[in-house]
Protein chains: 2
Amino acid sequence: MTITRADCVALDADDPLRHLRDEFVLPEGTIYLVGNSLGAPPKAASAALTRVVQEEWAGRLVGGWNAAGWFDLPETTGDRIAPLIGAGPGQVVVGDTTSIAVVKAVSAALRLRPGRRVIVSDLENFPTDRYMVQGLVKGLGDYEIRDVRGSEGLAGALDDDVACVLLSEVDYRTGDRHDTAEVTARVQAAGALMIWDLCHSAGAFQVDVTPADFAVGCTYKYLNGGPGAPAFVYVHPRHQNATEHLLSGWHGHAAPFAFEPDYRPAEGIRRFTVSTPHVLSFAALNASLDVWERVDLAQLRAKSTALTSLFIDLVEELCAPYGLTLVTSRDPERRGSQVSFAHPDGYPVMRALIDRGVHGDFRAPDVLRFGFAPLYIRFTDAYDAAVTLAEVLEKEHWREERYRQRLTVT
Amino acid sequence: MTITRADCVALDADDPLRHLRDEFVLPEGTIYLVGNSLGAPPKAASAALTRVVQEEWAGRLVGGWNAAGWFDLPETTGDRIAPLIGAGPGQVVVGDTTSIAVVKAVSAALRLRPGRRVIVSDLENFPTDRYMVQGLVKGLGDYEIRDVRGSEGLAGALDDDVACVLLSEVDYRTGDRHDTAEVTARVQAAGALMIWDLCHSAGAFQVDVTPADFAVGCTYKYLNGGPGAPAFVYVHPRHQNATEHLLSGWHGHAAPFAFEPDYRPAEGIRRFTVSTPHVLSFAALNASLDVWERVDLAQLRAKSTALTSLFIDLVEELCAPYGLTLVTSRDPERRGSQVSFAHPDGYPVMRALIDRGVHGDFRAPDVLRFGFAPLYIRFTDAYDAAVTLAEVLEKEHWREERYRQRLTVT
């Protein structure tokens, strides 16, 4: 083999981020390449939750809304996520779910382009982004969805009817990354607004959200906020006071505690909150953001591309005879922090692999996904994963009956 | 005084629910009459969160979605809330916030009454219920809101244009309780659908939601689920498959893991979920529901009305000269588990009271609210609170300058 395990040990020893792995709980004997689906728990998460329950909830009771800063969590947590996506203070709020965030962004975008009736939606978007837009359009009437496939499909889709375009910076299945600057410029040149889904970007690399009009994203993947951690929404400052979104709840009201009968939107990013933040879910996320404060994002990206390139090279070398096809772009610039391979028996292959301690996941119809969360995945992990995958394929472990029975895949 | 403290000590000793107080953390020296805003923490909450983080998240990682039952939390938790509101299994789902639940219920109701364009909304509803409907109507166009004041206002408001009516069973300010059976029958007789907000009902007394078409509610007040605990929505079985709501996310899809490009609603109550549940916030709620499983709701109601009646009697006796006016109904049947009094200087009065360890809250313009969460409030608490209130009023503590400066009230 061109690259040896000893090389990978050396790469790990030289990794400037290597100490960050100690901040996470990772089970012995598991190579966890599913951080692109659910990030590993920060060691500090458990204590953070205990503190919020015992000191804030039990200690302050309802007074926690002010004294413990609960009321402001959507904004204070948003300001902590902002640098990870290239945004400034007052441009990001956290709360609800990505699906709800899509409704906020799209409904706010539509109001900014009143004459235009088309929403462009990518067939490759994560399904819930599509479903939420479909639900919105069905409710609003009078609008239509124009489906495209990838940014290439945009060329023929942009005209004077398009109000906004919703794309994912990194494709959840393929791991491919759009050239957001180029795509955003094209969309905006057509007079439309650009909404990016950053679910597979935030925490995978330094995002530059600033040219975008809106962005949404989740915090439980690379950001390690925990299962169902709250989502975020970015709104460009020029739009914040110029539009409203559909979900006009009391926390987005100009005077939430005046209990006025009619909605009056708050100024600024607070307008994009809805209602009572899920305080306990914020606690784990903020424990993770304490780790993120110490991360150099240039180092993160360098490690991420090195890891994914290494894994591609190794798998292609070791698994050449076994019918795997690289799905993800070979150009590191066009990749997130994930590598996908297709295999006609992808589902049992992945199950056999998981049984051997290498956790990736499977996406229909035939995609094996491997996420490389650069905070805690090592070069030796990439090496060992590739070797194990080759073994599974070579020895045809995946043909065993027990791997072919379909389980629910998450 | 007619009732003595010794009488209250005896009432506490006879209280069949008295042992439940031990299940909650309540600070020494505080009489916490704000459980109608944020419930006290169950002692088990902290350990439940630790278990979810350490055993489920760290132990199962992404596998927790199946192995730890995270994916089904909205339904399994809903089935635990159901008996508290008189619903059956498969009729309640938990997730998101009450504000979002309002959008689900109202948008689903509108589809069931396609010819009707009016939503009746109570001016006394908690503001976010009103704001969410306003946002929805502004988005949908073509609909209008007809504001009424209380169920009395309904008389002239029900006609063939009304699609649905949104009222709160218990008024958040006054603590008054509607006759839901009577109001629901009237609304349905007019061909409209009835949506109840149960935020101040669930956990305050045995609700009978069954005549209603839809209901929404929160779990962080009397249900003690923690700050920002997820909300619930009830959908009558006859409507579940007959309509769709606006927020059509992937967890409400018939096959969420098939990643289909287009939305197809799941059958049953799952259709009313949106997306990834806030797992950590569910953990504390489920710890509280473990306590609720042991509660006899008839005993709960008996204690609640005894507590609120006692408090009303004592305050009226002790505070007669000091300008307090009872806001809440004198008829226990028409009360939730809260007593409100008006006082022209309600804000500084409440601050002076809190300084003396009696925690109620204030709602503009002049309402002092006292919540009696029957799981952990004692008769002696009601007694001591009334005596302290009388002292604050008699000695005019509230005239002290420090109480008059306005703070943010939550």
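Just so you know, glycine gets a Cβ as well, placed from its N, Cα and C.
As given in TrEMBL:
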type	residues	note
BINDING	A:T98, A:S99, A:F126, A:P127, A:T128, A:D129, A:D197, A:H200, A:Y220, A:W250, A:T276	pyridoxal 5'-phosphate binding site
MOD_RES	A:K221	N6-(pyridoxal phosphate)lysine
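Distribution of TrEMBL features across the structure.
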residue : record                              : contacts (Cβ under 8 Å, 6+ apart)
A:T98   : pyridoxal 5'-phosphate binding site : A:T128, A:D129, A:D197, A:C199, A:V216, A:G217, A:C218, A:A231
A:F126  : pyridoxal 5'-phosphate binding site : A:S168, A:Y172, A:D197, A:C199
A:Y220  : pyridoxal 5'-phosphate binding site : A:L38, A:G39, A:G226, A:P227, A:G228, A:A229
A:K221  : N6-(pyridoxal phosphate)lysine      : A:G35, A:N36, A:S37, A:L38, A:G39, A:C199, A:H200, A:A202, A:G203, A:A204, A:G371
A:T276  : pyridoxal 5'-phosphate binding site : A:H251
Once the DSSP letters are reduced so that anything not helix or strand counts as coil, what is the residue listed as 'N6-(pyridoxal phosphate)lysine'?
coil
Measure from each Cβ of the recorded positions A:T128, A:D197, A:K221, A:T276 to the Cβ atoms of chain B, and list in sequence order the residues where some distance is under 8 Å, or 'none'.
A:T128, A:T276
So how far apart do the pyridoxal 5'-phosphate binders A:T98, A:S99, A:F126, A:P127, A:T128, A:D129, A:D197, A:H200, A:Y220, A:W250, A:T276 get, largest Cα to Cα in Å?
30
Other C-beta atoms within 10 angstroms of the C-beta of A:D197 (pyridoxal 5'-phosphate binding site) total 26
What count of other C-beta atoms do you get within 10 angstroms of the C-beta of A:T128 (pyridoxal 5'-phosphate binding site), across all chains shown?
26
Which of the three DSSP-derived classes (helix, strand, coil) applies to A:T276 (pyridoxal 5'-phosphate binding site)?
coil
Under a three-state reading of DSSP, tell me whether A:F126 (pyridoxal 5'-phosphate binding site) is helix, strand or coil.
coil
